[in-house]
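This report refers to the structure that appears directly beneath it.
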Amino acid sequence: MVKICCIGAGYVGGPTMAVIALKCPSIEVAVVDISVPRINAWNSDQLPIYEPGLDEVVKQCRGKNLFFSTDVEKHVAEADIVFVSVNTPTKTRGLGAGKAADLTYWESAARMIADVSKSDKIVVEKSTVPVKTAEAIEKILHHNSKGINFQILSNPEFLAEGTAIKDLFNPDRVLIGGRETPGGQKAIEALKDVYAHWVPEDRIIATNLWSAELSKLAANAFLAQRISSVNAMSALCEATGADVYQVSHAVGKDTRIGPKFLNASVGFGGSCFQKDILNLVYICECNGLPEVANYWKQVISMNDYQKNRFVNRVVSSMFNTVSGKKIAVLGFAFKKDTGDTRETPAIDVCKGLLGDKAFLSIYDPQVSGDQIQRDLSMNKFDWDHPLHLQPMSPTSVKQVSMTWDAYEATKDAHGICILTEWDEFKTLDYQKIYDNMQKPAYVFDGRNVVNVEKLREIGFIVYSIGKPLDPWLKDMPAVA
């Protein structure tokens, strides 16, 4: 029986291994992590992450051929294939601070694999890593190999949160990068055989190691670039009276461009886009390509501009101050159908409003109050370290309260900021909300989910990103 072990029980490791276990009943899959609470959660009825369809998959396989354990060394020693899916945060100090990936956790995983292995292994990079990481890992493994043969593969994940299980069941492509040697090609075939249980062969692409590593960074950079492109257009639409929805619909009808990732919003978030682009920027700089680095840097600058623009719009619309005013924040996750708040634009928007002394009442159907407090009090990039290395009890932000109901959040509020496109926000009783708010009542729609005309009829002053401005807002400066 082939044995697979995955180091790291997070957003990538957990769902990926659960689907492999489901689709390959003849393979034994162990997911290991040093975090006891996280493993306990995977073994309970309350999984540590929310992802549609994940519960069912885990429950079908857990205890049969899918196991979650803190006994890292035992399962690594027994495995034929070891996936490494550990955090690769952005460095906050030292060489490459603010851009380069911190490979501390990766390196310690590699040293541990070399230490406990008693048989040949295929080691698979599953975390998003900078190009040439495989080379560094190879050196560590080979210098500590004690005669054992290690083959390194790069198998980047291309999951979208909220649809991860669907993406795993029916991937656009599975990318496997390996050495162009007989051993490397044999390792590629071994991993291909695993995916071939359910993925058509023409969707499994084999490349060299560097191409696989760079393809992941490039894919995320291209997607983020599309979002920044449409967000740049949204600012121009507001200035000219065009409607960004109509513009992006027209542009997306061009089959060369296509309609995906053309929704204007308050900005992109998630654990990968910003981190991967910063990484790309650093690699370009290290390879003497400053023009290329600056090109990709602009994607992040535009994203930051969009978040700042949104905060400035809120403040300037409300007589240039939100000090002492209650603002309801609907949605905190970086997108709908996930509880993930990593790099969510809501963090920067909320911090911007708190900086102007607003009182925030936040509601998100999937994000806990603890998580929101943690996010608002943590330093940039802290979120990407394992939980036990994050600040233990973050100081709670006094001007922030959490509710489990949109109506409670909006009661007596001066304004509403919609920061996640949860479906339920489309069908709220906005008349009831309006009646219970301070007047004038504002809605700042950062995800274009509300019916602007209907809300204006009720009496709201509405700002919707990239849409023609409410007469009230026309005289207000967009950027402070």
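In case you wondered, yes, glycine gets a Cβ from its N, Cα and C as well.
Here is what TrEMBL says about this protein:
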type     : residues                                                    : note
BINDING  : 8-13, Asp33, Arg38, 86-90, 127-128, Glu161, 272-275, Arg342 : NAD(+) binding site
ACT_SITE : Cys272                                                      : active site, nucleophile
DOMAIN   : 328-452                                                     : domain 'UDP-glucose/GDP-mannose dehydrogenase C-terminal'
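Feature map: annotations from TrEMBL on the structure.
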residue : record                   : contacts (Cβ under 8 Å, 6+ apart)
Gly8    : NAD(+) binding site      : Val31, Asp33, Phe83, Val84, Ser85, Val86, Asn87, Lys126, Ser127
Tyr11   : NAD(+) binding site      : Ile49, Glu51, Leu159, Glu161, Ala164, Ser271, Asp340
Cys272  : active site, nucleophile : Thr128, Asn220
Gln274  : NAD(+) binding site      : Ala224, Phe268, Ile300, Asn303, Glu343
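Counted with DSSP, the domain 'UDP-glucose/GDP-mannose dehydrogenase C-terminal' (328-452) comes out as 42 helix, 19 strand, 64 coil. Just so you know, the Cβ of Thr90 (NAD(+) binding site) picks up 20 other Cβ atoms within 10 Å once every protein chain is counted.
Taking all protein chains in view, 24 other C-beta atoms sit within 10 angstroms of the C-beta of Asp33 (NAD(+) binding site).
Averaged across the domain 'UDP-glucose/GDP-mannose dehydrogenase C-terminal' (328-452), pLDDT in this predicted model comes to 90. Within 10 Å of the Cβ of Asn87 (NAD(+) binding site) there are 19 other Cβ atoms, across all protein chains.
Summarising the environment of Glu161 (NAD(+) binding site), the number of other Cβ atoms within 10 Å of its Cβ, over all protein chains shown, is 24.
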